[in-house]
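Colleague: Just passing along the structure, written as structure tokens.
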Amino acid sequence: MRVLPATLLVGAATAATPAQQVLGGLQDFGNAVQDAMHENLPKINKPLEAFQEQLKSLYEAREFWEEVANAFPQNLDHNPVFSLPKKHTRRPDSHWDHIVRGADVQSVWVTGENGEKEREIEGKLEAYDLRIKKTDPSSLGIDPDVKQYTGYLDDNENDKHLFYWFFESRNDPKNDPVVLWLNGGPGCSSLTGLFMELGPSSIDENIKPVYNPYAWNSNASVIFLDQPVNVGYSYSGSTVSDTVAAGKDVYALLTLFFKQFPEYAEQDFHIAGESYAGHYIPVFTSEILSHQKRNINLKSVLIGNGLTDGLTQYEYYRPMACGEGGYPAVLDESSCRSMDNALGRCQSMIESCYNSESAWVCVPASIYCNNALLAPYQRTGQNVYDVRGKCEDESNLCYKGMGYVSEYLNKPEVRAAVGAEVDGYDSCNFDINRNFLFHGDWMKPYHRLVPGILEQIPVLIYAGDADFICNWLGNKAWTEALEWPGHKEFAAAPMEDLKIVDNEHTGKKIGQIKTHGNFTFMRLYGGGHMVPMDQPEASLEFFNRWLGGEWF
């Protein structure tokens, strides 16, 4: 059905005009009409202006879709993906050592400063439960001297069940901070971060755990969370297709965990993650900070090689692919020119997405920009996560090690030891990835939340300088472009050498750093998309120093 704009505008104006009243004479009637029109004109114009903006956005969206359909028809062969629920068997309550009921937490009332009754902890937690089991490390051979907990956060109202794995600090758990780790995707399990990057063990080609001396739980307790639902060991009868929907789940998990373990709640708490966590972390952090009455002692956030501000970051795919990021060019001159030519249109689409935040605009922006600026690199067969080498295993995001992790976590004895309720494990769920893309989440301007976060806590953006897909050039650029009170000083701050200071390699240059106020950017030499995997010593160095408060 097609409706002309003029018809709609006239109809709206007519509907907004007040009903006529019976007056004493024609002159009075005319004056009354003029007065009524004058009085109500702003009321008429405001919805008309809003409606005109909506029409403009719709026309623009139609143009975008037609352009994308003509240029990349293969990318529109998509229907919303409603994944079949994972096969699972819920364990009886008797299996778990603790079950923390959100309703019980919400039932605790205290007397506030004004003398009125208020909830001890804010948030809508009634539908949530947290199941907790102390895991026997000796049965897995993973950090056998470290206390571990596994379990599920249950959203009983929406049939969502998020799996987590907690490792206590190897050092001083009574005083060391607590960190939540999130992998990206969207749709990839944080257990890949555990076993490929920063956890207490890696998995070798024999599918056996190998001790990691550079694990991030060397001086911090770490929680690895499989989110959103239907990722890793998590499962649900429903689906999640945008970042905001997952924020309340994370707040509930942390609140109930710290309620059960107040000894950890007393410690400093930090959120860290990589890749699409550049979307997750600003949203999750804002959700936590929005609650004044909370038991989460949030002190800072860390985002590694993240996607946070697409408008700025997509500009740096061409430079990184064409030899301007510190490594040899991957693409030839013709491909580089093609990317240059496509950039302007890509950015105009992203700007429209930022203005409307509508899926109708944001989806074609993602499709166009990814095909124009990412696909030329992907077609070379080079690893998008590391410009220094080829993609060695396309079925496992270029890394054979990811296949080892999946094989290990699919072992029945491993699933039994950690209390997993699903019948199988996949490192990444690509249905979720597509759903996030086709709901417009990929290009949304979540970087706009960062200034509000900086008002309250420090933020570290770090980037391995060999990554292509979330490269250091783009991450440095968006941090320097971000509008916040310290913008000018941060942008003008020089990049200084980052050196090891506390081991036998003292003085070794591991990267560059710039900082002002609560904002810090780091470039890590020789790190790809997964810095802790590529540069374990350097990553533990900056991680420990960041948690120690050296730069804030």
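Every residue gets a Cβ built from N, Cα and C, even glycine.
When I checked Swiss-Prot for this same protein, it listed these features:
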- 1-17: signal peptide (SIGNAL)
- C188-C428: disulfide bond (DISULFID)
- N219: N-linked glycosylation site (CARBOHYD)
- S275: active site (ACT_SITE)
- C322-C336: disulfide bond (DISULFID)
- C346-C369: disulfide bond (DISULFID)
- C353-C362: disulfide bond (DISULFID)
- C391-C398: disulfide bond (DISULFID)
- D467: active site (ACT_SITE)
- N518: N-linked glycosylation site (CARBOHYD)
- H529: active site (ACT_SITE)
Colleague: For C188 (disulfide bond), just give me the three-state DSSP call.
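Modeller: For C188 (disulfide bond) - judged by DSSP and reduced to three states - the answer is strand.
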Colleague: By CA-CA distance, flag whichever of C188, S275, C362, C428, D467 among the recorded positions is nearest to C391 (disulfide bond).
Modeller: D467
Colleague: I need the nearest neighbour of N518 (N-linked glycosylation site) among the active-site residues S275, D467, H529, using C-alpha distances.
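Modeller: Result: the closest of the active-site residues to N518 (N-linked glycosylation site) is S275.
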Colleague: Please report the three-state DSSP label of S275 (active site).
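Modeller: S275 (active site) sits in a strand per DSSP.
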Colleague: Going by DSSP, is H529 (active site) sitting in a helix, a strand, or coil?
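Modeller: Where H529 (active site) sits, the three-state DSSP reduction gives coil.
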Colleague: Need the DSSP three-state call for C428 (disulfide bond) to compare against my parser.
Modeller: strand
Colleague: With a 10 Å radius around each C-beta, find which of these recorded positions (N219, S275) has the fewest other C-beta atoms nearby.
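Modeller: Ranked by other Cβ atoms within 10 Å, the recorded positions N219, S275 bottom out at N219.
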Colleague: Between C-alpha atoms, which of these recorded positions comes nearest to C353 (disulfide bond): C188, S275, C346, C398, D467?
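Modeller: Nearest by Cα distance to C353 (disulfide bond): C346.
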Colleague: Give me the count of other Cβ atoms within 10 A of the Cβ belonging to C391 (disulfide bond).
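Modeller: C391 (disulfide bond) is surrounded by 17 other Cβ atoms within 10 Å.
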Colleague: Using C-alpha atoms only, work out the spacing between C428 (disulfide bond) and C398 (disulfide bond) and round it to an integer in Å.
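Modeller: Given the Cα positions, C428 (disulfide bond) is 13 Å from C398 (disulfide bond).
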Colleague: Return the count of C-beta atoms lying within 10 angstroms of the C-beta of C398 (disulfide bond), excluding that atom itself.
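Modeller: I count 21 other Cβ atoms within 10 Å of it.
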Colleague: Rounded to an integer, what is the Cα-Cα distance in Å between C362 (disulfide bond) and D467 (active site)?
Modeller: 25
Colleague: Rounded to a whole angstrom, what is the C-alpha distance between C336 (disulfide bond) and S275 (active site)?
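Modeller: C336 (disulfide bond) to S275 (active site), Cα-Cα distance: 24 Å.
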Colleague: What subset of the recorded positions N219, C322, C346, C398, H529 lies within 10 angstroms of S275 (active site) at the C-alpha level?
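Modeller: Near S275 (active site) by Cα: H529.
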Colleague: Neighbour count, 10 Å Cβ-Cβ cut-off, for C346 (disulfide bond): what number do you get?
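Modeller: By my count, 23.
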